[in-house]
Ligand code: EPZ
């Protein structure tokens, strides 16, 4: 795992226009693994998680759980978690501030201990990202919640210190709020109903994980989830689903370099909107068996994209598709509706010769015949992937900086691309005099 200093001093050097071919393996899903690790707190027995991706964010979640008394032992892509001895210790702010997903511990801690303190995660590059829907859900289940000095203090009312089932309507189908409420409800007294719930595949994976520990959950993956609380949960051995966003990113790598590639394992239904959009643009996406996809390239046509909660088009694929649209035939409108500040990759794509104009949360992308390699700076996780993809298609050399964003959410992306034949390497600018201007 690279250190922050290494990341600051290292860049990805990409020689573009190298065709790709072959097959690539998809790692476990970041956005599932993170919440499942927090969910293991619900159980005071051993929990084994398999297919864990190798990511900075997973490292950080491991440190945060250890800081509150959870025992963790990782070997390769398997981690054993035991939360028997969790205490009232508060996870250190310096750790929590680096990982929004750390807030996922609030539901399980409150359900297990009846009271907890969790630092507010704060905003990030893509938006303010408030947690009001999480808090309102816990309040509806009988918790007193107050925010003091940047810390959320939550305490279950009443002597029994047990959350109560409740009917909760979410104003917005928030992934995180649905996960927080669902986890808290597994140990609550009575039945909880979440309406207008998020339907992302990671929600269904979390429900399957909780059910494998003995929880009673129905309807996960739909907009109405019903949880009947139980007294306690038991140990489990569970495998995390494949990462649909990593798979989508690699499909674009094939399309943007006009290359035929295959990838597995994937659950095609998790990528339905992504596959539909790609086919609409020209490239073919072929199912080769239950969990394997093949991308067959074709000239790319312009199309409009609007990000929405699942099953709509995922906001986590918006930047990568924009990179592809910069080389399409025609003009496309890209509308980002989920996060208020998720078009920061536009300026860097423009540095590579893309023709994009932004008005509010809409970007008008006019296809150009080619992109030119350039030094570019990643501004957030998915923006970093978009710049790598643009670099694969560009003429000449692209240098991608800000790799701490990429390493948060991609398990050795450059290694997987190199396996497909890409001319890409991570270099330290200190060792490469011609790039010293970047350090
Ligand atoms: C999850 O974030 C993912 N992160 C995000 O992936 C993903 O983009 C997002 O879901 C949407 O799919 C993880 O799972 C760790 P939300 P989350 O709550 O749970 C607003 C990536 O690139 N909102 O569905 O934070 C919020 O501000 C990351 O891998 C409230 O207003 O997403 C946003 O505008 C980025 N109040 C919208 O809802 C709340 O209490 C969607 O947020 C909660 C959310």
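Cβ from N, Cα, C; glycine included.
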Of 78, 151, 296, 338, residue recorded by TrEMBL at the UDP-N-acetyl-alpha-D-glucosamine site of 100, 129, 130, 131, 132, 133, 316: 338
30, 129 as binding-site residues, winner by CB count within 10 A: 30
Cβ-based isolation winner (fewest other Cβ atoms within 10 Å) among the binding-site residues 132, 316: 132
Site with most surrounding Cβ atoms, counting all protein chains shown within 10 Å, from the recorded positions 124, 131, 133: 131
Per DSSP, three-state class assigned to residue 129 (UDP-N-acetyl-alpha-D-glucosamine binding site): coil
Under 8 Å by Cβ from residue 100 (UDP-N-acetyl-alpha-D-glucosamine binding site), same chain, sequence gap 6 or more: 121, 122, 124, 129
